[in-house]
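Trainee: Below is a structure I'd like to ask you about.
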Amino acid sequence: MPYFTRLILLLFCLTALVESRKPKRRRSTGQLEMTKPSHLYKKNLDMTKIRKGKPQPLLRVEDHDFSMRPAFGGPAIPVGVDVQVESLDSISEVDMDFTMTLYLRHYWKDERLAFPSTSNKSMTFDGRLVKKIWVPDVFFVHSKRSFIHDTTTDNIMLRVFPDGHVLYSMRITVTAMCNMDFSHFPLDSQTCSLELESYAYTDEDLMLYWKNGDESLKTDEKISLSQFLIQKFHTTSRLAFYSSTGWYNRLYINFTLRRHIFFFLLQTYFPATLMVMLSWVSFWIDRRAVPARVSLGITTVLTMSTIITGVNASMPRVSYIKAVDIYLWVSFVFVFLSVLEYAAVNYLTTFPCMSGMLPSRTMMLDGSYSESEANSLAGYPRSHILTEEERQDKIVVHVALSNESNSSRKKGFLKGHVGLRIFQNTHAIDKYSRLIFPASYIFFNLIYWSVFS
C-alpha cells in the first residue's frame, strides 16, 4: 500500500510538470501566448532620466563663498549699468516726486561662476539663483517707494556666460524725490534725476559706471505725460561723499520736462481775464443803478477769490511768489479797483468837496430840469447854465444860505449872501476809467508774457 501511494504522487507531479510547459491560450482571442526572450525585447531607456549617483552641477555654487565680492582684496570690481525706461507714470507737484518704471541691468564678471562649454552658450536663470550668489547692492538715492514686479513671477533674470560674465536684469517701479522750482509756474521747466548708488561698497571695492555712456539710457518713444513735454533724457556720473563711510560712485538719470500751458490757459488765465473784463462793464452802467453796479463788482471779486483758491489748492505751500500768483493777484487788484471806482463816483456825486464853500444844502436834480428852472435859482449867473448835452446827467446844486435867511433853523452860520454853485456830476471818472483800465491791463499782459514765456 505505501508503494502504491508513492506511485500516485509521482504520476501527479509528472502531469503537473507537463502542463506547465504547454503554451497558454488567451481567454478572449484564443491565441497562443508565447514567452518573449528578455534580451531581444528589452525597452530602450531614456538615459537623461537616469541618475547615476549625485549629479555634477555646472555652476559650482556650493564650492564658493558668495558672501564676498568677486576678487575680494584686489582692485575694485567694475559693474556696468544700463537702463531702459518703460514709462514715466506720474509727476506730482504737491509731493514733489515722480514715478518711473524701468528695466535695470547690471554687468560684471565673477570667475567663480565660470563653467566649461563647447558651444559657448550662456545659461539663463530666474530669481531663485540670485539669493545664492553675489550681486551688486545698487539702490535708488532719495527714493520714497520702489518695488520689483512679481506678476506672474518675480521679474528678475540672471544670465551667466561660460567665462564668468553675468547679466542681472530686473523690472522696477520707483517713486523718487524731485526738487522743483515753481517761480515760473505754470510757464516752467523742471529737471528731475534718478540716482543709483551702491549701498555698502565704496569706490575702492565697486566701480559703478554707465556701460555704454549716453547710449546706456534708452527710452520708449511712446512715453508721454498729460501735463508735460519730455524734452531730454541724459546720463551723468560723479562721486558722492559721506562723512562716516567714504566715497561712492553715483549714477544719474536726468530728464527735463516742460509744462503744457494750454490747460492752464483754459482753466486759469482765460477765466481771470474774463472776470477783469466783466468788471469793466460797470463803467457803462448808469451810476444811479447802485444795486447793479455793486452786485457786479462783488460777484467779480468773489469769483477771482475762488480762482486763486483753486489754483493754490493743487500746489505745494511754497514761500515764494509764482508766476500764476502774479497774474491772478494783479487781476484781482484790477477787479477790486473797479469796485472802488464806483464807490468814489457814488461818494463824490452825493457829497462833493466842500472846501471854500459856506454851509449848504444839497439838492439833486435830474436831467429833466428846464433852463428857466435853473436860472431861477437865487441869481445864478447865465454863464453857468449847462448845455443840452450836459443836462442829460444829474447835477448837484448847493445853495449856500446866509445866517439871515435861515436863522430860525440853524444858528452860527457866517454872514454872507445867498450863493449858488453847481457842480457837474463825477461822470467823467467813468469816462476816464473806460480807457485807463483796459490800457493798463493790456500793458501788464504784454510785460507778463514777454518776461515769463
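Just so you know, glycine gets a Cβ as well, placed from its N, Cα and C.
This is the feature table in TrEMBL:
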DOMAIN    62-260  domain 'Neurotransmitter-gated ion-channel ligand-binding'
DOMAIN    268-349  domain 'Neurotransmitter-gated ion-channel transmembrane'
SIGNAL    1-20  signal peptide
TRANSMEM  261-282  transmembrane segment
TRANSMEM  294-314  transmembrane segment
TRANSMEM  326-348  transmembrane segment
TRANSMEM  435-452  transmembrane segment
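Burial and contacts for the listed features, if you can.
Mentor: Distant neighbours of the transmembrane segment (261-282): 186-187, 227, 292-293, 296-297, 300, 303-304, 307, 311, 324, 327-328, 331, 334-335, 338-339, 341-342, 433-434, 437-438, 441; these residues of the same chain sit at least 6 beyond its ends, with a Cβ under 8 Å from one of its Cβ atoms.
Long-range Cβ contacts of the transmembrane segment (294-314) within its own chain (Cβ-Cβ under 8 Å, at least 6 residues beyond either end) map to 93-94, 268, 271-272, 275-276, 278-279, 281-282, 285, 324-325, 328-329, 331-332, 335-336, 338-339, 342.
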Trainee: Who are the long-range neighbours of the transmembrane segment (435-452) in its own chain, taking Cβ under 8 Å and residues 6 or more past its ends?
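Mentor: Residues packing against the transmembrane segment (435-452) from afar: 184, 187, 276, 280, 283, 323, 326-327, 330-331, 334, 337-338.
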Trainee: Any idea what the model's mean pLDDT is for the domain 'Neurotransmitter-gated ion-channel ligand-binding' (62-260)?
Mentor: 92
Trainee: How does the domain 'Neurotransmitter-gated ion-channel transmembrane' (268-349) divide up by DSSP, counting helix, then strand, then coil residues?
Mentor: 68 helix, 0 strand, 14 coil
